[in-house]
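Database features (TrEMBL):
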type   : residues : note
DOMAIN : 1-83     : domain 'STAS'
Amino acid sequence: MAARRALKAVLVDLNGTLHIEDSAVPGAQEALKRLRSAPVTIRFVTNTTKECKRELLERLTKLGFDIAENEIFTSLTAARNLLEQKQVRPLLLVDDKALPDFTGIATDDPNAVVIGLAPEHFQYEMMNRAFRLILDGAPLIAIHKARYFKKKDGLALGPGPFVTGLEYATDTKATVVGKPEKTFFLEALRGTDCTPEDAVMIGDDCRDDVGGAQKAGMRGILVRTGKYRPADEVKINPAPYLTCENFPEAVEHILEHLL
């Protein structure tokens with residue numbers, strides 16, 4: 001088996017890996033500083049649809065993370081890119097705090113459905129409106145299909161069950177733009193001069209973070225924080241390249257073994 005090339009890029013998940021809502025994972029800020037001392041490009045990749053990139057950056061800055069806006073690649077960005085390519089007018093089932101990332105996208109007389117995590121919109125009338133649009137031929141675009149995510153008070157339903165419900169009712173398949181899609185990881189690396197084989201992904205979601213990254217050609221490090229559940233390692237094939245207790249431990253491994 002050919003030896004792996006030296007690591008050039010590290011992709012890092014946000015919620016569940018660096019922080020959980022408004023609390024940082026212990027030691028994560030200092031670990032990020034240590035990682036920045038290494039000769040690698042860092043990108044922060046997230047499926048969050050609860051807030052726009054600007055608000056997300058403000059949250060991370062308040063938590064003490066030194067992150068630049070151009071280092072963050074979100075599934076909202078990927079969704080906007082697809083809408084512009086398709087030139088469609090979406091019914092946006094996303095959190096109101098995420099709407100600024102769609103500024104300038106026409107939404108009158110919608111002919112597409114975009115669905116993210118939007119608990120305030122997941123009620124019968126709105127879901128039925130989406131259902132009818134899809135039946136009439138509107139494409140269904142899922143920002144991601146995560147089953148659940150981690151909140152301070154426990155696990156909570158993600159958008160995946162609602163996307164799947166619309167797929168079932170309309171006998172159609174959604175186009176998914178966020179993790180674990182290969183195109184998402186490749187877009188995140190755009191402009192870094194790195195190939196997937198030069199990169200590693202760190203995240204708490206065995207399927208969307210680690211499984212998706214490894215299918216794209218990267219190594220995947222699973223952390224036992226956030227939404228991690230015991231035995232998640234065996235849910236994907238191939239298994240994670242490595243499983244660590246947390247982000248600081250993952251950074252230690254990178255600095256000691258992958259450079």
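Any Cβ shown, glycine's included, is placed from N, Cα and C.
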Taking DSSP states H, G and I as helix and E and B as strand, how many residues of the domain 'STAS' (1-83) are helix, strand and coil?
31 helix, 18 strand, 34 coil
For the domain 'STAS' (1-83), what's the mean pLDDT in this predicted model?
91
